[in-house]
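Colleague: A single structure is presented below for examination.
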């Protein structure tokens, strides 16, 4: 099939074909982030809000540039993107061993790149490309299951050793989402779920033995998650204080810049992973619900666009990106609200941080590209 | 275009969306649960996080004498602290500060250690009890002393020092053992370095003096930094206490007893006010406020004159012959003797194979009540006590204020001991003997009384009323209610007979040398010399050893009780000089001088003294230590 004949817009018309409501949606989410960063800095653009705005503007440009480039190009470079990300992961892993502690980023001067963030998108890309090429009738054949599983597990294994539980989970779940969208038999997922349950049991059992499968601090986080009151000033402090901030917000919140938990520094990581709590404290249930609705609209767009897209790569990519975005906010919110252990996942587009924001906006650029260059019915 | 279009992912995408929306639903439900349903719970926790209650220590009530002369006051106490985050380089700042006020190596080390362990914004105290001049110099150098803050607090000061130390007591920081003793301690006691009364009135009237703490509601950050004040509720300062003491008389009594181990209690017989309660030697309560040095503490403990003991109320001594008026009144009340009845004194009384001696070798011959008191004849009282019996004597003693604890706001007020048959049967498992009665008759044996009790006894004999001693005149500026003392119900003729005998003591008998010459202030008294050792028959045979030849702590106690003026009693006094020798020679002159001072309201004119003594009294006054002029200097440095 020839894409040339699909009637995709050309030139400046492409800009009009961009899904602008999504851009608006993302800007609204980022706007809430700017507000919160301004508030946690005590009513100041510095040190966080200004830098975040600049990054967002830059990210929007990157998104639009990516959106303008033909989706087939992205399909073509998907394996390269994956290999590049993997190489960088290997590099920081090696450098981390050489240098001090767990360094998970590369400083490019103007921006700090986290290869694990790039991998989240590259993995979706490479899997989408793989399944776009694969005969749909073969997706559930065991042999054809091997490459995607290898593509997923290789970076997961690397990230696990960093160790970064949050990213591992995200990679696993993101990869699984693409496989699910591609039509891999439900039974595989059922089996994997059963195996995961078995693995969790095994991991918990391994505690205190010679073959302990997680680090002590990771076990502590699990303990603390199960019972935050156990150690209110130690590991449980984050969760306890986060819940207090959330709950004290009430229906309408204490008001902009009035959050005592964040202003008085009771909240750790108040500008990064736990920024949601400041929002909750200052804008209450109405504020958090608004953000949740914005997030939900973003995934709804992705699903709608994926369903509408007859190009299999574009559809899988858009669906996978939507799933990754969903994982970001769902894991972050669940963790902050005490529904799952603290694993260190930022709130997408809201938490302070360049790497995640740029990578996410680039990913939406890919989704936009798929949207702009989708095959169109001819009259 | 021949190949069928690849299958759409619609079904799977919708399934995935379903899962995602399900999770979103859970998240939303959880948000509502935390933020709406449990809002109040978490809002309360958030306030608990940020709002701290701090206590504002109340200003302690002052203690004054009866006329308002301050005995315990709150003095401004200047101290300097260092705040690390403003100081930058604490050692360098300390070096500079050390050139202005002395900072020893130990203090410096402690301060640096505290600075390192506290948060950067916590002020660490460097030096306390600075003078205003020190603070002024530090303030002048403020630009080169960043982070150095001068603060003013209140610390307790006792302007009269050792003169009132035993009565007023002193304060000190709350100790763990103090807290353990108090049930449900006032939270104010947990304030670091909060001071409470440790002894004396300071201790026993703690609740009155302390007041109620105020509270300060402050907002703190997670690190404990104070962000702002949310509200303040002022506390109630402690109430001022006015004692019945007369500062001038108290100080005079202390000076008059200088060099002795002695005690004097002076009571206003008209209302029971204790106008002097002096125990020598004294101690300076100011030494205790900031923590007493080891050397000073040891010297106080090792001094055999026991400066720390409040001998006036806590010292129990055999009253000796000062007890004879009690025995006389008991006998008169019991009808076992009449004022005119005569008893023969041969110098001793034989009881079985034991001889009970009179102090006067060779005896007094025929003795009636008046002579028995004026000459302090022992044989008369052996006989009278034998006839009257222990129980009647003990009963009379209690009516006169002996043998039980008077209710005074002082620690360790002794009950003394007025033995009776039941007491001996219970504690000694022996029955009362006639010999016990003999000893009782002359205030020896088991008999014990404090100077305060003896003063009360003298006051009750003087007035015939139940004079009750009191030490507190007013609380918070309001005079305590006063009820005129009730009559003791004794036969006025009996009282008159005993008073007449006591008049004879001072104006004819054993205390003649220590009389008051001014006819308007004539004194009635009773001497006493109480043995603290047993004189054996062998010793008596070779001649009783003279007091001067005995080691100090085995010599007799010298006692004297008196009231004056005789015809219209105003003050009663009990005086003891520990191991001073004879009551007439040692205790009576001191008591006379103190009583005269009380009666004259100051240094008495020499005309009040017997003519032949005026010259020596004048010389004695010149020798006496001068009244302390000024209270001790404000800023004694920290002795940590």
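Glycine too: its Cβ is placed from the backbone N, Cα and C atoms.
Any TrEMBL annotation is an automated prediction that lacks curation.
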Colleague: If TrEMBL is the reference, give me the range from A:171-204, A:205-238 marked as transmembrane segment.
Modeller: A:171-204
Colleague: Is the count of Cβ pairs under 8 Å between the transmembrane segment (A:143-159) and the transmembrane segment (A:80-98), pairs 6 or more apart in sequence, 3 or more?
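Modeller: Result for the transmembrane segment (A:143-159) with the transmembrane segment (A:80-98) is yes.
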Colleague: Which sequence positions outside the transmembrane segment (A:105-131), separated from its termini by at least 6 residues, show Cβ-Cβ distances below 8 Å to it?
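Modeller: For the transmembrane segment (A:105-131), the sequence-distant neighbours (Cβ-Cβ under 8 Å, at least 6 residues beyond its ends) are 55, 74-75, 78-79, 81-82, 84-86, 88-89, 91-92, 139, 147-148, 151-152, 155, 159, 162, 164, 167, 170-171, 174-175, 178-179, 182, 312-313, 316-317, 320-321, 323-324, 354-356, 358-359, 362-363, 366.
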Colleague: Does the transmembrane segment (A:315-337) make contact with the transmembrane segment (A:20-41) through 3 or more Cβ pairs under 8 Å, each pair 6 or more apart in sequence?
Modeller: no
Colleague: By Cβ distance under 8 Å, which residues at least 6 away from the ends of the transmembrane segment (A:20-41) in the same chain are close to it?
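Modeller: For the transmembrane segment (A:20-41), the far contacts come to 47-49, 52-53, 56, 60, 63, 256-257, 259, 262-263, 270-271, 275, 278-279, 282, 290-291, 294-295, 297-298, 301, 347-352, 357, 361, 364, 367-368.
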